[in-house]
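Presented below is the structure to which this report refers.
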Amino acid sequence: MNPCVLMALLSSLGLGTTLTFASSHWLLAWMGLEINTLAITPLMAQHHHPRAVEATTKYFLTQATAAAMILFASTTSAWMTGEWAINNLSGPVANTMFVAALALKIGLAPMHFWMPEVLQGLDLLTGLILSTWQKLAPLALIVQVAQTIDPLLLTTLGVMSTLVGGWGGLNQTQLRKILAYSSIAHMGWMMIVIQYAPHLTLLALGTYVVMTSAAFLTLKMLLATKVSTLATAWSKSPVVAPAAALVMLSLGGLPPLTGFMPKWMILQELTKQDLPIIATLMALAALISLYFYLRLCYAMALTISPNTITSTTPWRAYTTQASLPLAIFTITALALLPVTPAVLVLTI
């Protein structure tokens, strides 16, 4: 892709998200989401592969549907109240429609079906943008209106997403689909606590972005898109392979890695809010997700020589990928748990 065109598209991505962040008016927020969608569409289809074009078409139709629902909900609210302010939704109908539209935008269960299929058709860097940057603007809107939404609706979305994200990833062999279900599960963790402690939602979002970036950049460094290719990762890059296994465990939320911090605090907050059954369900759902992360670690760390592997050992070729971003994201994804007290002071 032409560098000038690429720069224009990436600038538009930034502009759309910033516009949604800064807006207190429904039309401006909707406009920011639309700029986001239109900017990422050419990036998704840039390789002209049939799978990429199919994924782009699915993504565009899904996002267009969600945008129409947002416009309809905001128009209904403005008709009822006479105001376009984001934090002044009219009633349960507009509220529910708005949450359903944003859930469709970020891939929350049960509106998650597009997410694994779209991510599977993209290259790893575009998939990284879709899994991280594209979640920011819709989540910012959900945080703004969370206090006016029925708690039962948000709890249902959160628990369903965590369970679906865990169950869906169990039998996958494609790494991009596994990361898509991982994304759905992490969105569920953010939704479950958004009404009680929005700062914990932002903390979970921050750690999710760091860990997912580390995972995608690692897979790009290893040129891996299937679980079977991870078995020979140690021969291609002996240092990156064990780090990748630890990043997967961090995504699963194992202590003493960074991914444990938001899960621990969210479970603590749910217990404080006198919701022990929800907290138990979330902890059990995290165990289901942990299983498929452990599968990836097994493929990377426990299938090396002298065990027999069916795939051919690849050449250790020189990579053109910049290693500094990967190093920064990996260290952050593994080593932030000791600074939890400082994070608590800064977020509360």
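Glycine is no exception: its Cβ is also placed from the backbone N, Cα and C atoms.
What TrEMBL says about a protein is an automatic prediction, not a curated fact.
Feature annotations, courtesy of TrEMBL:
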| type | residues | note |
| --- | --- | --- |
| DOMAIN | 23-288 | domain 'NADH:quinone oxidoreductase/Mrp antiporter transmembrane' |
| DOMAIN | 290-343 | domain 'NADH dehydrogenase subunit 2 C-terminal' |
| TRANSMEM | 60-81 | transmembrane segment |
| TRANSMEM | 93-115 | transmembrane segment |
| TRANSMEM | 152-171 | transmembrane segment |
| TRANSMEM | 178-197 | transmembrane segment |
| TRANSMEM | 203-225 | transmembrane segment |
| TRANSMEM | 237-255 | transmembrane segment |
| TRANSMEM | 275-294 | transmembrane segment |
| TRANSMEM | 326-346 | transmembrane segment |
Intrachain neighbours beyond the transmembrane segment (326-346), with Cβ under 8 angstroms and 6 or more residues off its ends: 203, 207, 210-211, 213-214, 217-218, 221, 240, 243, 246-247, 250, 255-261, 264-265
Region pair the transmembrane segment (93-115) / the transmembrane segment (178-197), three or more CB pairs under 8 Å: yes
Of 152-171, 178-197, 203-225, whichever stretch has the most CB pairs under 8 A to the transmembrane segment (275-294): 152-171
Residues of the parent chain within Cβ reach of the transmembrane segment (178-197), under 8 Å, 6 or more residues beyond its termini: 106-109, 112, 115-116, 118-120, 127, 131, 135, 139, 142-143, 146-147, 149, 151, 154-155, 157-166, 168-169, 172, 204-205, 208, 212, 215-216, 227, 251, 262-263, 266, 269-270, 273, 278, 282, 285-286, 289, 292-293, 296
Contact set, same chain, for the transmembrane segment (203-225): CB under 8 Å, 6 or more residues outside the stretch: 124-125, 127-128, 131-132, 135-136, 139, 174-176, 179, 182-183, 186, 189-190, 193, 233, 236-237, 240-241, 243-244, 247-248, 250-251, 258-259, 261-262, 265-266, 314, 319, 321, 323, 325-326, 329-330, 332-333, 336, 343, 347
Taken over the domain 'NADH dehydrogenase subunit 2 C-terminal' (290-343), the model's mean pLDDT: 79
